[in-house]
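Residues or ranges marked as active site, proton acceptor in Swiss-Prot (evidence: sequence analysis): E60. The active site, proton donor annotation in Swiss-Prot covers K133, and the record cites sequence analysis as its basis. What Swiss-Prot lists as active site, nucleophile is C166, and the listing cites sequence analysis. Annotation comment: Swiss-Prot describes 14-260 as domain 'CN hydrolase'.
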Amino acid sequence: MGSTGSVSAWDEALLIAAIQYPVPIIRGPEDIQVQVQQICKTMDSTKAGYPDLDFIVFPEYSAQGLNTKIWTYDEMLLSLDSPEIDCFRRACIRNDVWGVFSIMERNEDPSQIPYNTAIIINSNGEIVLHYRKLQPWVPIEPWMPGNLGMPVCEGPKGAKLAVCICHDGMFPELAREAAYKGCNVFIRISGYSTQVNDQWIWTNRTNAWQNLMYTVSVNLAGYDEVFYYFGEGTICNYDGNIIQQGQRNPWEIVTAELFPRLADKARENWALENSIFNLGCRGYVGKPGGERANYLTWVRDLANGEYKLPWDENIRIRDGWKYYPEGVKLGPLPKIDE
């Protein structure tokens, strides 16, 4: 159960707003500051329009954009203690709202590739979840694969929150990992271009249905002089049905009223639909208690570091390909000759 969301919500309802943020055009670090200020102003205006709002979600790359020529250089990156993050913290406190934000995060080892990161900040201005993208969109994205797993945190109104970033959501294993750890509201922030528009909608729905959890997904919108980004924020019920879906408009605010307790009750009381439970105790009618032994070859091989496809040797693209023929560039921004 859920509703499309409005300006008010009752006590058990989690009122959430997903912002189809216009894709930023970033030519240097000064442009990042402009976007950070605009994100914070957007929080102020959205809360003013939706006074009962609990949670606001911004897409991947909303602060730092997708300028692939410079996006890995030092000046283009942020850390959790950067002043820009303090701006997000203050905006959450000022508006008494939780927020999800995207940053391209410096690696602790400056000789190593940066991370693509999402953070959740609570209404007290505290970072309560820190996630690094597990599945960068190769070969376009150069980011270091995440090393923090799939964390889950307590949220408002009974929500148990997890975040994935863009292409992560194409892997059913990652949504299942979040659900297995208790998540009942799974957030997906994205900077996808139109190549995978339909697949975006399918996976938002299947991630919800297969795990009996709400999914809240939002993408950048607009054109950045290279790609067009499709917006289409999608909020799905725990039965996989769409509660609310945006169009392709930049600045569209996709809202919904969620009831996390109902997702929990579905997990506890549904039978035929309870795939996440049935996965681990197969055929509990024919075999009391169900069969619990691992029966999946790929699970065993992945756990042993031996994951290999039958066609592995024929896979053509497995490095930086035409996007990074000379490798990923690190260090300070190159000086432009006068």
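Any Cβ shown, glycine's included, is placed from N, Cα and C.
Feature map: annotations from Swiss-Prot on the structure.
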residue : record                       : DSSP (3 states)
E60     : active site, proton acceptor : coil
K133    : active site, proton donor    : coil
C166    : active site, nucleophile     : helix
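Cβ packing within 10 Å was compared across the active-site residues E60, K133, and the lowest neighbour count falls to K133.
In this structure the alpha carbons, written CA, of the residue listed as 'active site, nucleophile' and E60 (active site, proton acceptor) are 7 Å apart. Its own atom aside, the Cβ of C166 (active site, nucleophile) has 27 Cβ atoms within 10 angstroms in the protein chains shown. The residue listed as 'active site, proton acceptor' and K133 (active site, proton donor) have their C-alpha atoms 10 Å apart, to the nearest angstrom.
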